[in-house]
Amino acid sequence: MSSGAKAGLVSADVLRREKQELRKHERSTKHLEEESRNAQTVFRDKSGRKRNLAQEQLGQRLKAEAESKREEQYAKWGKGLAQERQQQQNVEDAIKEMQKPLARYIDDQDLDRMLREQEREGDPMAALIKKRKAKESKEKEKPRYKGPAPPLNRFNIWPGHRWDGVDRSNGFEQQRFARIANKKAVQELAYKWSVEDM
């Protein structure tokens, strides 16, 4: 039988012996049963070593916090630091303006300064004011190339101020511009041909 007992016609002695063996076996495994009832689950990795789940959770939490902090910083950089500063400045200016009275009179110094700083198109004094501001700020302007018009390049970069005007390229830029112009001309010609009979 599946329990290990004999099947069929069995004497009482054999049954008694089987029962005693079964009880002895149960007694020998009783302490194992008690131990296993209060035992904690042991988690193991693929190689069979014990895993410390609390330590792993702590590590995952720290990693997630570091990741979220890094993503927050990248999001901040993605927006643009200068734009964020500008937005903060705009908010501060708006708060400052909201604290002022609604009616502004002719002797309002902030309004006067703001109107004076505005550059208007066709202002005859604008050039003089720019020169005066440039002298005040004393910013040294970087030297620029002042020769004949340089050949075009892909990036529209102006040559340096020390360039002698000699084109020492292998002609790649000119070939590229010729290919682009040719492609555009072919597309335009194809479009005109396709709508010719409309």
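Just so you know, glycine gets a Cβ as well, placed from its N, Cα and C.
Where the annotation comes from TrEMBL, it is an automatic prediction and has not been curated.
Here TrEMBL flags 14-37, 62-74 as compositional bias 'Basic and acidic residues'. Residues annotated as region 'Disordered' in TrEMBL: 1-90, 118-159.
Secondary structure of the compositional bias 'Basic and acidic residues' (62-74), assigned with DSSP and counted as helix (H, G, I), strand (E, B) and coil, comes to 13 helix, 0 strand, 0 coil. Remark: secondary structure over the region 'Disordered' (1-90) totals 63 helix, 2 strand, 25 coil, with classes taken from DSSP.
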